[in-house]
Amino acid sequence: MDAGNWSQVTEFIILGFPHLQGIQAYLFVLLLLIYLTTVLGNLLVFLVVCLDSQLHTPMYHFVSILSLLELGYTAATVPKMLSNLLREEKTISFSGCLLQIYFFHSLGATECYLLTAMAYDRYLAICRPLHYSTLMTPARCAKIAVGCWLGGLAGPVAEISLVSRLPFCGPNRIQHIFCDFPPVLSLACTDTSINVLVDFAINSCKILATFLLILSSYVQIVRTVLRIPSVAGKTKAFSTCASHLTVVLIFYGSILFMYVRLKSSYSLDYDRALAVIYSVLTPFLNPFVYSLRNKDIKEAVRRQLKRSGILIDVKVGKAGQGRR
């Protein structure tokens, strides 16, 4: 297209859920409750792990980082989604859209790497228990965590750079619930095949590589656990992996269908539903998965409540009722 025949778009309109216009207020309340629960739940897990010395192990070190990561991951999209539910003009600036894409994808990539590190930690703990303390030292654990963050933050730089150079001359309506590469690329006034190919290649390598590494870790874990003679031993070994595996299946189950494909082979509503799963529901479920299913974290919460005096008051009240 001739450069003289178009003007650069300075803002986009995020359509969100156009078929649910009549219940925007109810969606706002529901999403707000989910977001507040996500923030409080992940913040609780993060603080409990930091404050309780008995949880200062590599596994819970990664759990605390994951909780902190989820706080930033949801903050990249959910507050804007909430504000759009209350506004007639659901706009976002061009630079704001690119920033949202960057933080959403960089933090998502960091989560992929962190979940892989957590799988490796479980592999060492179960398959090589005698060498675990020497292989997963606090220093190495910190280096792995820093590597996950640096790798994630650097991940979408090339994609963002390519998108920022594209001409956008209208329409400016994003058929999604937040800014993301596929719906934004569809609005460009030029051929985006290179962008689509780069996006597909980066996402495929990042998502498939980490997923295969996690899968290979669990194959080794299952082989080791099946050789344990006692049923109690097998149950205990599997229980240490259950929470992590649950998060992996939910998170990867949605992003694999969303990003590892060249063309959008599903409806827009299908893409929106997948986006809700990995951007809203997964961070919401993580604190419940790691706290309600984890005895160590539940005991740590109990210890912190005792130190604050809350459980003491409850017990005194019950004792008083018993004497009456």
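Keep in mind that glycine also has a Cβ here, set from the backbone N, Cα and C atoms.
Where the annotation comes from TrEMBL, it is an automatic prediction and has not been curated.
Copied over from TrEMBL:
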{"type": "DOMAIN", "residues": "41-290", "note": "domain 'G-protein coupled receptors family 1 profile'"}
{"type": "TRANSMEM", "residues": "25-50", "note": "transmembrane segment"}
{"type": "TRANSMEM", "residues": "62-82", "note": "transmembrane segment"}
{"type": "TRANSMEM", "residues": "102-120", "note": "transmembrane segment"}
{"type": "TRANSMEM", "residues": "141-158", "note": "transmembrane segment"}
{"type": "TRANSMEM", "residues": "207-226", "note": "transmembrane segment"}
{"type": "TRANSMEM", "residues": "238-260", "note": "transmembrane segment"}
{"type": "TRANSMEM", "residues": "272-292", "note": "transmembrane segment"}
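Listed stretches 102-120, 141-158, 238-260, 272-292 were compared with the transmembrane segment (62-82); the greatest number of C-beta pairs under 8 angstroms is found for 102-120.
Sequence-remote contacts of a segment are chain residues at least 6 beyond its ends whose Cβ falls under 8 Å from one of its Cβ atoms, and for the transmembrane segment (207-226) they are 112-113, 115-116, 119-120, 122-123, 126-127, 234, 237-238, 241, 245, 248, 252, 255-256, 259-260. Long-range Cβ contacts of the transmembrane segment (141-158) within its own chain (Cβ-Cβ under 8 Å, at least 6 residues beyond either end) map to 58, 61-62, 65, 101-102, 105-114, 117, 198, 202, 206. Against the transmembrane segment (25-50), stretch 272-292 shows more Cβ pairs under 8 Å than any other of 102-120, 238-260, 272-292. Long-range contacts of the transmembrane segment (272-292) within the same chain: residues 17, 31, 34-35, 37-38, 41-42, 44-45, 63, 66-67, 70, 73-74, 77-78, 104, 108, 176-178, 180, 243, 246-247, 250-251, 253-255, 257-258, 298, 301, each at least 6 residues beyond the stretch ends and with a Cβ under 8 Å from a Cβ of the stretch.
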